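Engineer: Heads up, here are the entries from Swiss-Prot:
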BINDING   THR18, GLY19, SER20, ILE21, ASN130, GLU132, GLY211  NADPH binding site
BINDING   LYS131, SER157, GLU158, SER182, HIS205, SER218, ASN223, LYS224, GLU227  1-deoxy-D-xylulose 5-phosphate binding site
BINDING   ASP156, GLU158, GLU227  Mn(2+) binding site
Amino acid sequence: MDSEKKNKKKQIAILGSTGSIGTQALQVIEEHPDLYEAYALTANNRVELLIAQARKFQPEVVVIANEEKYAQLKEALSDLPIKVYAGIDAVCQIVEAGPVDMVLTAMVGYAGLKPTINAIRAKKAIALANKETLVVAGELINQLAQQYHTPILPVDSEHSAVFQCLAGEVGNPIEKVILTASGGPFRTCTLEQLKSVTKTQALKHPNWEMGAKITIDSASMMNKGFEVIEAKWLFGVQPSQIEVVVHPQSVIHSMVQFEDGAVKAQLGMPDMRLPIQYAFSYPDRICSSFDRLDFTQCTNLTFEQPDTKRFRNLALAYEAMYRGGNMPCIVNAANEVVVAAFLRDGISFLGMSDVIEKTMERAAFVAAPAYDDYVATDAEARRIAAELIP
């Protein structure tokens, strides 16, 4: 009877369980042990945290992408009946396991693409937190999702908000998707001030707790640029129908305007566990212990236009989206290189946009890329961007 009951729980594979999204997803599972179970946990490098998670949540399988950490992981879990694997190929294979119902793609960057494709082909529901997957290969992912009848449920707070606003609106044309942006820690900085900002300053986001890569992307507004591209593929809208509005309080998570002029918005506390839980429970809503929004404290909700002169990455992302093909893949690869350089003090904050723009000019453009083209583009754009860093 126990095993029968266990099988009724949704079995979730978490790719990137040691990151910000992954750890919060485990909090959701912990709050609803009657509904969800962590079937597989994967991490890139943080083996100590992965060991602690495995001991606590007792998954069937754990995978460490960094093969050098395999022996340490295997030894630490030797007293438990948990299968232990290493390497990116193992991550790609684990998503195909029969018992898995849903795959949460919370890996950072381009690395999330191949496991997501494998999970779609295996007809697993996708809780998509790895936005780079749609930025790099949105057209391919959409084609595969349709071919394999695989649902893609957005975990990004903005796209979850739009998704929730569209509930009950089947057949009602969207006039505009309005993505809100906090503006990041440098919203009020002048161009002159932005020349000298440091990684320590950039890593202090005013509203959200996130990993280092996405926090830098938020500070540079590349994160919002990626979300614009992601929205195009998730919601089937044209680039001209996607608008970004800076909303520093992060209370309204995004909005949809319909052709009659009505606007629906989704509001809530800036807590990623809410969109994670909604992706897990969809189409149902389930109770949570998360903080509630107190409207008496929301005395000042403000909105402003983003400044693409100071934050050029947003304009570059729009340009990539309009050009299509492999251009968003080029932008993503260059961005990953420059963010890594910025985090090791190897490039200035504004210098990141310069390198991305030059990489867009120099990398080979492919109008209708296949998967192999994305792989080649990613490698070429990374090489070009690395050479451009002073």
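The first residue you see is number 1, and the count goes up from there.
Cβ from N, Cα, C; glycine included.
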Engineer: So which one is it: of the binding-site residues THR18, ASN130, which has the fewest other Cβ atoms within 10 Å?
Structural biologist: THR18
Engineer: List the residues of the same chain that sit at least 6 positions away from GLU227 (1-deoxy-D-xylulose 5-phosphate binding site) in sequence and have their Cβ under 8 Å from its Cβ, in sequence order, or write 'none'.
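Structural biologist: Result: LYS131, ASP156, GLU158, HIS159, LEU179.
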Engineer: With a radius of 8 angstroms around the mean position of the C-beta atoms of ASP156, GLU158, GLU227, what other residues of the same chain does the Mn(2+) site pick up?
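Structural biologist: So the additional residues around the site are LYS131, PRO154, SER157, HIS159, SER160, LEU179, ASN223, LYS224, PHE226, GLU230, ALA231, SER254.
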Engineer: Using the structure shown, find which entry in SER20, ASN223 (the binding-site residues) has the sparsest Cβ neighbourhood within 10 Å.
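Structural biologist: Result for the binding-site residues SER20, ASN223: minimum number of other Cβ atoms within 10 Å at SER20.
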Engineer: Provide the number of Cβ atoms within 10 Å of the Cβ of ILE21 (NADPH binding site), excluding the reference atom itself.
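Structural biologist: Taking all protein chains shown, ILE21 (NADPH binding site) has 28 Cβ neighbours within 10 Å.
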Engineer: Which residue among the binding-site residues LYS131, HIS205 has the fewest other Cβ atoms within 10 Å of its Cβ, if you could check?
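Structural biologist: Counting other Cβ atoms within 10 Å of each of the binding-site residues LYS131, HIS205 gives the minimum at HIS205.
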Engineer: Out of GLY19, GLY211, give me whichever of these binding-site residues has the highest number of other Cβ atoms within 10 Å.
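Structural biologist: That would be GLY19, with the most Cβ atoms nearby.
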Engineer: Using DSSP reduced to three states, classify GLY211 (NADPH binding site) as helix, strand or coil.
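Structural biologist: Assignment for GLY211 (NADPH binding site) reads coil.
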Engineer: Which residues in the same chain, at least 6 apart in sequence, have a Cβ under 8 Å from the Cβ of GLU132 (NADPH binding site)?
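Structural biologist: Within the chain, GLU132 (NADPH binding site) has Cβ neighbours under 8 Å at VAL108, GLY109, TYR110, GLY112, LEU113, PHE226, ASN332.
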Engineer: Rounded to a whole number, how many Å is the Cα of HIS205 (1-deoxy-D-xylulose 5-phosphate binding site) away from the Cα of GLY19 (NADPH binding site)?
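Structural biologist: Each residue's Cα considered, HIS205 (1-deoxy-D-xylulose 5-phosphate binding site) and GLY19 (NADPH binding site) end up 16 Å apart.
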Engineer: Which whole-number value in Å describes the distance between the Cα atoms of ASN223 (1-deoxy-D-xylulose 5-phosphate binding site) and ASN130 (NADPH binding site)?
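Structural biologist: It is 11 Å, counting Cα to Cα.
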